[in-house]
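Participant: After the structure tokens below, expect a handful of questions from me.
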Amino acid sequence: MREFSEIIKARDWENQEVTHQHVVQAHAPLHAFHSKQAALDNQASEFQQLLNGQWRFQLFAKPEAVPNHCINIDFDDSAWSDITVPSNWQLQGYDKPIYTNVKYPFADNPPFVPADNPTGVYRLNFTLPTAWKERKNTVIFDGVNSAFHLWCNGIWVGYSQDSRLPAEFDLSCHLQAGDNQLTVMVLRWSDGSYLEDQDMWWLSGIFRDVCLLSKPLISIRDITVSTELDACFNHGSINVVTQLSEQSSQYTAQVQLFDAQLQPVTKLVGAPFGERMIDEKGPANDRAEHKIAVPSPHKWSSESPYLYRVVISLVDNEGQVVDSEAYQVGFRVVEMSNGQLKLNGEALLIRGVNRHEHHPEKGHAISYEDMLVDIKLLKQNNFNAVRTAHYPNHPLWYELCDQYGLYVVDEANLETHGQFPMSRLSNDLSWLNAYMRRMTRMVERDKNHPSIIIWSLGNESGLGHHHHAMYQWTKRRDPTRPVQYEGGGADTAATDIIVPMYARVNKDITLPNAPDVVPKMAIKKWLSMPNEQRPLILCEYAHAMGNSLGSFDKYWQAFREYPRLQGGFIWDWVDQGLTKIDDNGDNYWAYGGDFGDQINDRQFCINGLVFPDRSLHPTVYEAKKAQQFYQFSLVDGDQLKVKIDSENLFIESMDETLCWSVTEAGYVIASGEMELHVTAQSSKILTLLESYPEQKIGCDYFLNIEIVLNKDKPWATKGFVVATEQVALASIAQLTNVPLIESGAPRLSEDKNKITVAGTGSGAEFELEIDKQQGVISQWLVRGENKILQGPKDNFFRAPLDNDIGTSEADCIDPNAWVTQWDTAGIANLVPHCIAIEAVTLARSVLVKVEFGHYVENKLLISSHWQYTINNQGEVQIDVNVNLAKSLSPLPRIGLELILPDSEKPVNWFGRGPHENYPDRILSAHIARHCCSIEEMHTPYIFPSENGLRCDVKDAIVGDLTVSGDFHLAVSRYSQMNIAQAKHVNDLINDHQLYVRLDAFHMGVGGDDSWSPSVHDEFLLNKEHYHYQMILAFN
């Protein structure tokens, strides 16, 4: 027996060569079914017992502070608190969460960790079922962060680290009939923490299930299931390797395959152990092998995830079933062929996302229900793949991916991003075993899942000898799947696929201080390198941090154009915000530094496509549209015909309806629907109208298409929209201005302070006052009521986006970041001066000209020339010319802002929507007549920034204001400066007034990454002169 004092003295958690002690060898998940029927039906096993629930808990400052008697079976823990298992103790009122992206939250001195090492001790009393006593009983911890020692009934059992894979211990010789006691000492930091630097919250504790498993003394120890298909992918076979817990000739393994309705597909086939010769020394007597032919099996894919069920039973010499296991089986073949990744002979297009396991209240302790929400959202938004960034996921995740149809890149729990260089530990021989176990144990646990199509060696650990060893072992252990790894350049000998991060479509990414070094080539260029025949799949791309995902569609144009560009995985799925309550009792989502964690990387954990509660970011719609499985094009001719191309590889569209409409100036003038039948990888031409609708001068015409489900699916209900398209139809342009209504000019008067323009306004008296000192409309009366709180002013500023700020680490600011350039120029501090103002009465209007200069420290940066044309109907046409200093960096926006009284009326507009969109993110936002509440016009990004824009607007109604022209629209109750200064949504101050921002031009948001200027050139405002016009009026 190992004494407690010896354990403390040994400090296994600071020895990289001690990764485990007395841990059971890794294997596929086991359930210990008592019969074949129970295994077939997947009944709850009587030989499994979850130990989740309330445990006794105490947190100590360091392992040395733990009293040695707390491991005793009779220790009185009544003064301790209860804690929920599974959970992270930082979210149960102990210690504090820490977020870092790259740097370690402690001194980088591997394998040593801080002396102040929070240590949680868990205790649980449980009762062993009487029927279990003469069996082999193990306890399985599915996830404990970061390392732990285990005692049973006061006796030390073993030690484990690796937070994301199971640790199983044999308790058979420690258990007693009736009551038993477990004690677990969990350390926050261990040498394993150096391998788990994965751009997420550092959280601790028993955060996955704890389970007791009882097996016969001689039982099934492991099972490997694989499938094969013939060269034509018509007929197949299932291969099953069954391993015994010890060598014996007294048993037979029996295997039978059942279909999705649990009807038998094959006969029951038995095989003895030790039948096949392994080498010249003979067979393995603990191994039985089956290869069973399966004619014309249903094949598994993300589109049609058909699952069989294989039941494996251990039968003794008397014909009695002593142990049974069962697994879901998908018939599919993954291969690399002709420079492409293929499944069942078809080249895949990966519509992928990186996904952290995260819950805003439970941290890393996620439930089946939480996982199911993610699965359905992924399917609904046209994702077909997920990368388990950057660690093996909860075992249930893979079952759901098997069932619902998602391709999985299963990634080892390995990242050393904070090392200098990153490969420091990857070449240190003393760390080899730690690396290898993280790979080998993942493969052994997850090998039977059809959804897993690629193994990954980990993330951002440089490239070292250990990676080559991991790669070679994996290829030999499982030749049925490719292996990928980005480290060392994304195209090394340790990867079967080129898997770069954040490589651009057409532009090489160079190092600032080494312009001749090309660490990331443009993805199109990469394919053309000499002797390069591998496919390219971006393991991370399109950094979705806040208001992002600009120019995302360009990646998808390239993916569809180049067959060896086979998609990628967006970074990432969910904002890793944690729920916190402020002093006013309001909830908000916290990020790095919000818990007093001094070493942190602020909001860099907030880069998901969905909020922590899984409500959607606007960027999701863009991803869904770009990734959709149907493409549309208009067919030339007199009839309204559309060509539909199906990107489904395996299934015909049998459960979908095509709904279409034609709009004139946003109003539907024709519509229809038809059942959609398009075979996989084929096209179909449909005639929607026998002739084009008659056109009116000056109206815009659009064809709008939706593909909707006409029956329920496991992941969505009938009526759900899976694909959309909008096609601009020919229109007759308005060649001349629409003549104004015949009437006289409004009345003009002025004094030394103001210019006043008054008129009848279609029967309603109006009066405008323009302040001569400011050059701005100071009052706009209609029927005696003032309609504005502040008149239109130049607006060149936006509250900085994460992509504008440009940093991935809190202390590493990019001097080329947009916000740095704007701050240097003083854009946020421009001081406007009215240089000249004059007014004149024309035949039917009053013309007011104003000249502005915008200065920083008496230096003129921007001049703007405004011309108000005010007619007797109360309409104000605003023409603006803007001139920029040659030295000025591209501006974030050029337009105007005015302030209106608060209103509960919804905003109506004819333009892109209904969701937020920006000039480089408009693919999913169709032009139509939209209506949203004021609240819906605001996007509550966790780190507040510019938001809520709607592009390409022709006309809009905000409160009593009507606007027409060509502009982008944003409406908010928050000022731009408040948004810019706020760190969280609870810092936003509702001013109970409406800020109406009318942009003629707006810079793109970018999003190829978030730490360098990533807005594409065509979406930069880099001209020296701009002109725009719009018309304002009040009802």
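Cβ atoms are placed via backbone N, Cα and C, with glycine included.
Below are the features I grabbed from Swiss-Prot:
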type	residues	note
ACT_SITE	GLU460	active site, proton donor
ACT_SITE	GLU540	active site, nucleophile
BINDING	ASN101, ASP199, GLU460, GLU540, TYR541, ALA542, HIS543, ASN607, TRP1011	substrate binding site
BINDING	ASP199, PHE604, ASN607	Na(+) binding site
BINDING	GLU415, HIS417, GLU460	Mg(2+) 1 binding site
BINDING	ASN600	Mg(2+) 2 binding site
SITE	HIS356	site 'Transition state stabilizer'
SITE	HIS390	site 'Transition state stabilizer'
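Can you tell me where each of these features sits in this structure?
Facilitator: Counting every protein chain shown, the number of other Cβ atoms lying within 10 Å of the Cβ of GLU460 (active site, proton donor) is 20.
There are 24 other CB atoms within 10 A of the CB of GLU540 (active site, nucleophile), with all protein chains counted.
Taking Cβ-Cβ distances under 8 Å and a sequence separation of 6 or more, the neighbours of ASN607 (Na(+) binding site) in its chain are HIS543, ALA544, MET545, GLY546, SER548, TRP571, ASP572, ASP575, ASP802, SER1010.
In the three-state DSSP scheme, ASN607 (Na(+) binding site) is classed as coil.
HIS417 (Mg(2+) 1 binding site) carries neither a helix nor a strand DSSP state and counts as coil. Within the same chain, the residues at least 6 positions away from HIS417 (Mg(2+) 1 binding site) whose Cβ sits under 8 Å from its Cβ are ASN101, VAL102, ASP197, GLN198, ASP199, ASN459, GLU460, SER461, listed in sequence order.
The DSSP secondary structure for ASN600 (Mg(2+) 2 binding site) is coil. Other C-beta atoms found within 10 angstroms of the C-beta of ASN600 (Mg(2+) 2 binding site) number 24, with every protein chain shown included.
Its Cβ placed at the centre, HIS356 (site 'Transition state stabilizer') has 22 other Cβ atoms within 10 Å.
For the recorded site, HIS390 (site 'Transition state stabilizer'), the DSSP three-state label reads coil.
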Participant: Let me spell it out: for each of the binding-site residues (PHE604, TRP1011), count the other Cβ atoms within 10 Å of that residue's Cβ, using every protein chain shown. Which one has the most?
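Facilitator: That would be PHE604, with the most Cβ atoms nearby.
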Participant: In whole Å, note down how far the CA of TRP1011 (substrate binding site) lies from the CA of ASN600 (Mg(2+) 2 binding site).
Facilitator: 16
Participant: Which one is it: of the recorded positions GLU415, GLU540, TYR541, TRP1011, whose Cα lies the shortest distance from the Cα of PHE604 (Na(+) binding site)?
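Facilitator: Result: the closest of the recorded positions to PHE604 (Na(+) binding site) is TRP1011.
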Participant: Just to confirm: which same-chain residues, 6+ apart in sequence, have a Cβ under 8 Å from the Cβ of TYR541 (substrate binding site)?
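Facilitator: Result: MET501, TYR502, ALA503, TYR555, GLY568, PHE569, ILE570, TRP571, ASP1008.
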Participant: When the Cα of GLU540 (active site, nucleophile) is compared with the Cα of each of the recorded positions HIS390, GLU415, TRP1011, which one is closest?
Facilitator: HIS390
Participant: Do any of HIS390, GLU415, TRP1011 (recorded positions) have a CA within 10 A of HIS356 (site 'Transition state stabilizer'), and if so which?
Facilitator: HIS390
Participant: Please report how many Å separate the Cα atom of GLU415 (Mg(2+) 1 binding site) from that of HIS390 (site 'Transition state stabilizer'), as a whole number.
Facilitator: 8
Participant: Between the Cα atoms of HIS390 (site 'Transition state stabilizer') and TRP1011 (substrate binding site), what distance do you get, rounded to the nearest Å?
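Facilitator: That comes out at 20 Å between the alpha carbons.
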Participant: Around the Mg(2+) 1 site formed by GLU415, HIS417, GLU460, list the extra residues of the same chain whose Cβ is within 8 Å of the site's Cβ centroid.
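Facilitator: After dropping the recorded site residues, what remains is VAL102, ASP197, GLN198, ASP199, HIS390, THR416, GLY418, MET422, GLY458, ASN459, SER461.
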